[in-house]
């Protein structure tokens, strides 16, 4: 088959064309994104219970729902969050469980609950993570607020109709309301209550079809219509007729106004209140394509917009994706050119070109396989393509170098090309099998980090599969034509190349041979020295000199400052704090922008009633979002901006907690996330304070916060003994109080395609003191009214803002961020465990602690990776043992793997990088290349020994014969990835640890393989542990 493709005039080119066309067809269908999708499959049940405290929500909703879904198959983790007025039950699916099936089972159980409070809204069951943020559209205009919202709604409708956009959320406004604020004095005067008025409004303000009548042969509909849709119309509604015939109108007892439910629900963009349209995409959709459509839509709408309306796109995720992929693509092209240059130093340009062309052919073929496997184009898969350069070039170079050697020694060009391929085919195929075995296991790494990194083995498997086809069936044909061309046409050789070739051959024939011969002769001392270097390398890791971090920090383009004030803070207090932070940002930005080509800060967006760390809602929350120059364009690092901003603003009075961070988390999660389980709320709160107090002492730890905080003070109302003698019960008192204080939706009206609630409650001036509450008139069954104070007693207590439950236990979660330049997460957690948590658990045995976030995901993925890698190594051992017909020689070949680890660790140490999961993937990927080189080196040793040479001489001559191929493989691998290692863009930081592993591991393992492997082989022969079988014999039996 190899000979057929090598000699056939069109077969190889047709095969290459088929591979390339399949890749080009698949390429447009590959989704582009920053990282592979790594969110876990989750189902969430949301239930709104208006006015209920977190404790009431826990008892009435959370515990009830937990009991209802208990026993549903496929649940990995069950958590429930109780907040004021809402409960959220989140269910994480087990690995392999279909989330649609889980959601259906959960919905069935929730729908069957019959003991929910009557006041709740219908539970909503949904799958989380089905959509992703795409881009935001800011609408700013000199319009009244309700008109601005209406215009934003029109834009939303147009977007969804024209541009394949399914989800658009409008932010900056709460629901519109007609507020009916009652006067307590007037209620007493007319003997009314808030509950009475709400029921009366519901009955009086109606629009209802009542039937049909016939007249003169015509049928006409009859409709009762007494609906009033504006505050002005409702003011004239009659609510009571007095005994003297006088009418009491709604305006006589209440003040009516139109507005929004929550004043604090606002978005301010660059100092102006705006409407914010958050546009989202489905997982399957390509972000760059969709953003292009949205951009065209915005350009068109801006031309049609009324005067004074400005449309601005911000938070563009597609731009981030495009910048990062462009950066990787640019580095890829530079790497390809460098590979071609390295090849040209050893072969003719035409010969080098066809060897190097295996890269784009393999890449295109891999695109087709990527589409079939569901792999997208992202930073990880693109880096995997760059990583594959070494593996792909290894096979091509081995074959090309073998062909070149045979041609130099023989006269039959066609036959020599085929012989050159056949000579190394068993080793190349064996290397292919061992590499595939290693990567197949890694494709099933568990954990969120594993979901991100698994694209690397999948892409490598795809490219290796295509490359083995290209190397055996396409490359020989092209090299044959290249050699024919070079024989027909003698070409002048570049003087530098001539000098390099002579110097390289002289080095190989003299210096290398002498060095390898010395190492073989002094094999015990030399191998001992290498082992010492290996143990020193291990000590660098074990001693914490080279630290470990689950996932590198990715430099983004957006910074958020999340503010939390005390729960009783007024909205004006929050606005004042926000103003101080934005003013200080302006000063810092002006200073840092002097070193930038453009202003560092592009936009500042303030969202009130938002803080994703606090998990609360209210006037006391705000998030300042800062859009910066892209990481591709700016010099200032995010950490530098945060440090200067913190110093500039210092401490602001009245702020309970402030955190500076990027809006999204990577696959590793929060750097520190400690969850304390069990016990009463007071015990959990006390434990949390102890842990937080210790965390803030560590240098480099910031944004320390927990999710269990004291909330507003509240008056607990309960009936006095004897209250039932008045003919009234607790339910009636609670209902009347709720209508007056919290309020009640009397009815809803439709206007301009918008549903508007008519909301009834006491006016603020009648709710501002405990005396007003004690004097509130409670209506008895007799029609009389008595003050609340005569029926009930009040006790002042303080609740909590939020209660979390995980798997049926109350919990508190403490989170913090770690500056990787100053501290290491694992070291901080280890110290915390020893100094604080261990003593705490001894004092409070009812509590337990678990580590989430980076610690959990890193441990989970690390264990999974180690297990899969071990299985891969066992597979490699089985293949090599079968091939070499020996138990010891496979171990000798596999010793090249820890040799590569020496280069990996020292590379990280010298360049100041922490080891991480991408570093480990890079190291494991190296295993394929170094094992390949080792297999062929052992094969050549056996070949020389088989020809009658002494063992020591055979080992030395084999190292000499294989050195060029090994050197070219290493040089091309390093050249292909070197541009990415030298990339100065902040966006390259997340993948550079992986490249460090490839470059330094490859460089050092190359040297060590050439010198160590011959020494080990001869050492094994000292103990008669080597096999005398030829490599071809081992494979021929298969």
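Keep in mind that glycine also has a Cβ here, set from the backbone N, Cα and C atoms.
These figures come from a predicted structure and were not determined experimentally.
If you look up TrEMBL, you'll see 12-30 (among others) marked as transmembrane segment.
Long-range Cβ contacts of the transmembrane segment (328-347) within its own chain (Cβ-Cβ under 8 Å, at least 6 residues beyond either end) map to 353, 355-356, 359-360, 379, 382-383, 385-386, 389, 393, 397, 400, 404, 497, 500-501, 504, 964, 968, 971-972, 975-980, 983, 988, 991. According to TrEMBL, the feature transmembrane segment maps to 328-347 (among others).
Per TrEMBL, the feature transmembrane segment maps to 420-444 (among others). Packing against the transmembrane segment (420-444) from elsewhere in the chain are residues 2, 6, 391, 394-395, 398-399, 402-407, 453-454, 456-458, 460-461, 464-465, 468, 471-472, 476, 864-865, 868-869, 871-873, 875-876, 879-880, 883, 921, 924-925, 927-928, 931-932, 935-936, 939, 1031-1032, 1034-1035: each is 6 or more residues past its ends and has a CB under 8 Å from a CB in it.
Summarising the annotation, TrEMBL assigns transmembrane segment to 456-475 (among others).
Per TrEMBL, transmembrane segment is recorded for 526-546 (among others).
Feature annotation from TrEMBL assigns transmembrane segment to 865-884 (among others).
Long-range neighbours of the transmembrane segment (890-913) within the same chain, counting only residues 6 or more positions beyond its ends whose Cβ lies under 8 Å from a Cβ of the stretch, are 530, 533-534, 537, 540-541, 545-546, 873, 876-877, 880-881, 884, 919, 922-923, 926-927, 930-931, 933-935, 938, 992-993, 996-997, 999-1005, 1008-1009, 1012-1013, 1016-1017, 1020. For 890-913 (among others), the entry in TrEMBL reads transmembrane segment.
If you look up TrEMBL, you'll see 920-941 (among others) marked as transmembrane segment. When Cβ-Cβ distances below 8 Å are used as the criterion, the transmembrane segment (920-941) is approached by residues 387, 390-391, 394-395, 398, 424, 426-428, 430-431, 434-435, 438-439, 442, 453, 456-457, 460, 464, 862, 865, 869, 872, 876, 880, 883-884, 889, 892-894, 896-897, 899-901, 904, 954-955, 958-959, 961-962, 965-966, 969, 973, 993-998, 1001-1002, 1005-1006, 1009-1010, 1013-1014, 1017, 1031 of the same chain, each at least six residues removed from its ends.
TrEMBL lists 961-982 (among others) with the feature transmembrane segment.
Sequence annotations record features per position, and here TrEMBL assigns transmembrane segment to 994-1020 (among others). Within the chain carrying the transmembrane segment (994-1020), a Cβ under 8 angstroms from the stretch's Cβ atoms is held by residues 383, 386-387, 390, 512, 515-516, 519-520, 523-524, 526-527, 530, 888-889, 892-893, 895-896, 899-904, 906-908, 910-911, 913, 918-923, 925-926, 929-930, 933-934, 937-938, 941, 951-952, 955-956, 958-959, 962-963, 966-967, 969-970, 973-974, 977-978, 980-981, 1026, all 6 or more beyond its ends.
The stretch in closest packing with the transmembrane segment (456-475), judged by the count of Cβ pairs under 8 Å and taken from 12-30, 865-884, 961-982, is 12-30.
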